[in-house]
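Notes follow once the structure below has been shown.
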Amino acid sequence: MVVPSKPENNNAPNPVARRSTGPGVLSILYSVTKKVGTVAIVYLLGYYNISVAWLIGPVILSVVREEWKRSSDARRALAKAAAMSNEKEVIMARIDELPAWVYFPDVERAEWLNRVVRQLWPNANHYARDLLRSVIEPNIRNALAAFKLPGFKFDKMILGTIPFRVGGVKVYDHNVSRNEIIMDIDFFYAGDCDISFTLSGIPGGIKDFQLHGMLRVVMKPLIQTIPLVGGLQLFFLNNPTIDFNLVGAADVLDVPGVSDILRRIIVEQVAALMVLPNKLPITLSDVVPAQILKTPEPEGVLRVHVVEAKELMKMDIGMLGKGKSDPYALVTVGAQQFRTQIINNTVSPKWDYWCEYMMFDNTRRTVLVRLFDHDKGSDDDFMGRASVEVSTVVKKGELDIWLTLEEAKHGMVHLRLSWHTLTEDRHALSLALAETQQLRVTSMSTAVLLVYIDSAKNLPDARPGRRPDPFATVGVGKDTQTTQIIYRTDSPVWEKGFTCLVKNPETDTFILKVTDQKTNHDIGRLEYHLAKLLTNENMELSDQPLLLQASGPISRVRLSLRLRILKRYDPEVDAPLPEVDDDVTDEASTSTSSKRGSTNALNKQFSRGDSVRSVGGQSVGGQSIGSANISIHPSKEMISTQTSVQEESVFSEQSSAPVESSANNTLLHRTPSATSSAGEAGLGRIQMTLRYSVPRQRLVVVIHKVANLPSKDPHNIPDPYVKLYLLPERSKESKRKTEVMKDNCNPVFDENFEYVISLGDINSRQLEVTVVTKKTWFSSQSPVMGQVILSLGDQDLVKGFTAWYDLLPEIERDS
């Protein structure tokens, strides 16, 4: 029986030929030269009696570099292996790490989309090369020139055969305009790209380039002709994770610290291109004007007040050990970042720093605050981070909150945030100006200017006989932005939109300058007083050719301007009031504004679950008071009162004594007050809010207050605080605790705590909440006053809830 032979594969490597060929001549010479050079260096060090320190230093640096490079290569190889394997297997293997919206139907959708991407990838290669050449290369060249590294240029750009991967897909069907489709994609690229460049005449290359982030695709406007979608807007919600490997002569730069410069520049350029507020617009139909896709349209302005911090870690080393710190804060939303001033020699800095962010999409966005200790001549030390979801601020209008720092042993930061919408009502300007004057902060804005620069015409030559390379710079005050450079033309078409914050439109001026890139000389200028827009219909100037100053006699620029006034968002007025359950305390009680004076104390003492009595000789929460006008709003739980100072002092001390019914005292709730009982075990009760943030993969725990702690000795009132552990391990990493309240049986904490944990892992965990007193130093009594253990898998954490829990005796555990 003859067995048919397999067809020959001419492309397959021949193992026999490989063995017979052996190493090449060049590799042998390189190996010999390397070994001879090593021996020669050691010989010369001994011959000239040079200190061994000159040898140890380079050796240590070389070992550190090799270890760092080995770990980076292993990480990149793992990512590339995942990129080449089956889509469904990889996604299902990462299902615990993925957001909660990635269910099996979305996995099937992502697998289908990956197949489409593979088909389109060769054509996408051409588009990506043009984008790198026309946009990324000039920006990287200018950024590297600031570090005295001129002459950056791409030589070869091949993205390879491995396309990017879609890890999960979510299509929004709620709160979306009928004229658009919004889709979030878990974007991951770990391909076999081959990119070469020259930097200051030194050849180099980039391989194993990797990029991972949450990409949003907005399809708008929807039209009635093919292709049914007028255009696309692509952008990352936050800065993506970027990693790559330098090869060639540039490999000498691939060491920790030095390579960070190049990596940071690349991240900045990606952010400037397509991280909010920047979007990459793609026009799909000529029917749609470019202005619709390329003009950013903010939903509002987020105002952030970094007030102070306390109990920060001591990072500086003094004569007697750890000293203090020189802290500052970086506040980041998407690609927008601000930095506070440095406060020297303190662990409780007071910055009183204000900043503003234009928000183009408030879903799945976070305000990230990172604290650092400033060190002259070395890298700044990281002191912790905290974050707030923008959607929470948008829902409430304003937020005043203390946040516990993550990735730090201890420390808290105090933030105040407010949300401002945009309005066409010019009468709102007076209120906006009055608010900034009341804050006494001159850097705050009162309006937003939307600018669309279409084109310019008949620009003069910057050099005799040479057409200019023009770009435009626009701005109001010190805030300036630039278009791309259009080479060798006197009639450039930019089609670029901008958004500028305006402090006072009655006095501010919009300035546009057209500059030649080769000579850096201005070849045109325009000044437009924004007070004119206040008198225009809808405060707009639509598609107008305006004469350029200091230019040719017929030089013009075509642009559009729109002015919108900032208006503080009030959920009571600007949105319909939701139905309120009187038995559940809204999460708004976690952040009370310090500007509300005595009302703030009332907010902390009462919630919607409290027993409230009213009208004439009334009593609130079991306390009899005099004549007072009290109104409780169902959405914010704001208690407004007009009482004397004596009456306010009565509010500050709650009593758990029962109230006798009479004609003058009417009980509004049939159920007893949540704070009128000491609980089932007589140890008191604790009020908490539990919520799981799907976008940030965090468990949020808010400790509101504790009621009716037992105190047998009136001369020895406890000093309580609350301690939390995420079971089962009870490790230091999961330990959280509140501040200590001195001499208080009804302490109000209102403190936030967060745990970074996946939604898949949270079902097997428990939360241990313990109330402890510090007044047991000279007593045999246990410091634990009561305890609650919650099985997190039994709770509806994604929806979130607020509830009271009875404190129970401590559970004995094996040591």
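Glycine too: its Cβ is placed from the backbone N, Cα and C atoms.
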Correct range for region 'Disordered' (source TrEMBL, candidates 648-679, 712-743): 648-679
For the domain 'C2' (682-805), mean pLDDT (0 to 100): 85
Counts by DSSP class (helix H/G/I, strand E/B, coil) across the domain 'C2' (682-805): 10 helix, 59 strand, 55 coil
Helix, strand and coil counts within the domain 'C2' (276-403) (DSSP): 12 helix, 63 strand, 53 coil
DSSP-assigned states of the domain 'C2' (425-543) in counts, ordered helix, strand, coil: 20 helix, 54 strand, 45 coil
